[in-house]
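So the structure is just underneath, and the comments pick up after that.
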Amino acid sequence: MSSLRLGVNIDHVATVRNARGGHVPDPVRAAQEAVAAGADGITAHLREDRRHIRDADIAALKALPVPLNLEMAATDEMVGIALHTRPHAACLVPEKREERTTEGGLDIIGGRAHLAPRIATLSEAGIRVSLFVEPDEAVMEAAHALKAPVVELHTGSYCEAAVAGDAPRVARELDRIVRAAAHGAGLGLEIHAGHGLTLDSVGPVAAVPQIRELNIGHALIAEAIFVGLRQAVHDMRAAMDRARR
Ligand SMILES: CC(=O)[C@@H](O)[C@H](O)COP(=O)(O)O
Ligand SMILES: NCC(=O)COP(=O)(O)O
């Protein structure tokens, strides 16, 4: 296994399925295909509004012999579902019903009192907790204080700059990621990253030595429409491995 794991987020397979209210394409089949092509795990975001991944998807995905990273809001409802389903991991993410997609990292400084008991409950159940946060050194300190073993650095700002071709901003945002990863790893946190990554933008993030896992979904599923899911996973895996050479 590579030192850098690939978690494939299959949310948007469910987006296509839900478009017609039926059963195809099946997110579980997508997960099996992704793993067959080299994914190290599956990520699925059970949103409060169930706009894509649904509760039955999580139960079915859990039955697969692959690590399931359940992305979820830090609510009592979702903690209850996680305790019932027992995924390998739970990644706490901020959520607003009106958002098109995740818009930022979890407020783990202002939200400490709300998060601490939920992190403890999930951890005590043997679920590996990660916090989806901004790549910021002070945030790494807060994650460490909350006793979360893993942080996932939000790469959205870096990816937006990359898409815009704004080289100075790309450099600034990448430097934030590099600094946060080094600081967080120095505190003993396991460092993951994700959101918005594409074949074109993944390389510099994959090259950050402290990052142990990338979670990639939308761009990979979009590419799969043209080259097939196995090829899309293979290509992303290859881009990550090239960056680590
Ligand atoms: C937290 C994150 O960046 C994604 O994993 C999240 O799943 C995005 O939400 P959508 O998949 O609904 O766009
Ligand atoms: N946590 C990031 C993730 O799972 C996938 O995000 P995206 O690649 O769909 O933007």
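Backbone N, Cα and C define each Cβ position, glycine as well.
Bear in mind that TrEMBL entries carry predicted annotations, made automatically and left uncurated.
A strand conformation is recorded for HIS45 (active site, proton acceptor) in the three-state DSSP classification. Around the Cβ of HIS45 (active site, proton acceptor), 26 further Cβ atoms fall within 10 Å across all displayed protein chains. Per TrEMBL, active site, proton acceptor is recorded for HIS45 (among others).
Every protein chain shown contributes to the tally, and the Cβ of GLU71 (active site, proton acceptor) ends up with 28 other Cβ atoms within 10 Å. Among the features that TrEMBL reports, active site, proton acceptor is placed at GLU71 (among others).
Within 10 Å of the C-beta of HIS195 (active site, proton donor) we count 25 further C-beta atoms, all protein chains included. As annotated by TrEMBL, active site, proton donor applies to HIS195.
The feature 3-amino-2-oxopropyl phosphate binding site is assigned by TrEMBL to ASN9, ARG20, GLY196, GLY217, HIS218. For GLY196 (3-amino-2-oxopropyl phosphate binding site), applying a Cβ distance below 8 Å and a minimum sequence separation of six or more within one chain yields THR155, GLY156, TYR158, CYS159, GLU160, VAL163, HIS218, ALA219.
Positions annotated as 1-deoxy-D-xylulose 5-phosphate binding site by TrEMBL: ASP11, HIS12, ARG47, HIS52, THR101. HIS12 (1-deoxy-D-xylulose 5-phosphate binding site) is surrounded by 22 other CB atoms, counting those within 10 A of its CB over all protein chains shown. Under DSSP, HIS12 (1-deoxy-D-xylulose 5-phosphate binding site) is assigned to a helix (H, G or I) in the three-state scheme.
Look at TrEMBL and you will find GLU152 tagged as site 'Transition state stabilizer'. DSSP assigns GLU152 (site 'Transition state stabilizer') to a strand. Residue density at GLU152 (site 'Transition state stabilizer'): 30 other Cβ atoms are found within 10 A of its Cβ, drawing on all protein chains shown.
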Shell list (1-deoxy-D-xylulose 5-phosphate; ref centroid = CB of ASP11, HIS12, ARG47, HIS52, THR101; cutoff 8 A): ASN9, ALA14, THR15, HIS45, ARG51, ILE53, GLY217, HIS218
DSSP state at HIS218 (3-amino-2-oxopropyl phosphate binding site), helix/strand/coil: helix
Close in space, distant in sequence - ARG47 (1-deoxy-D-xylulose 5-phosphate binding site), Cβ under 8 Å, 6 or more apart: ILE53, ALA73, GLU95
Sparsest-packed among the binding-site residues, when each Cβ's other Cβ atoms within 10 Å are tallied, from ASN9, THR101: THR101
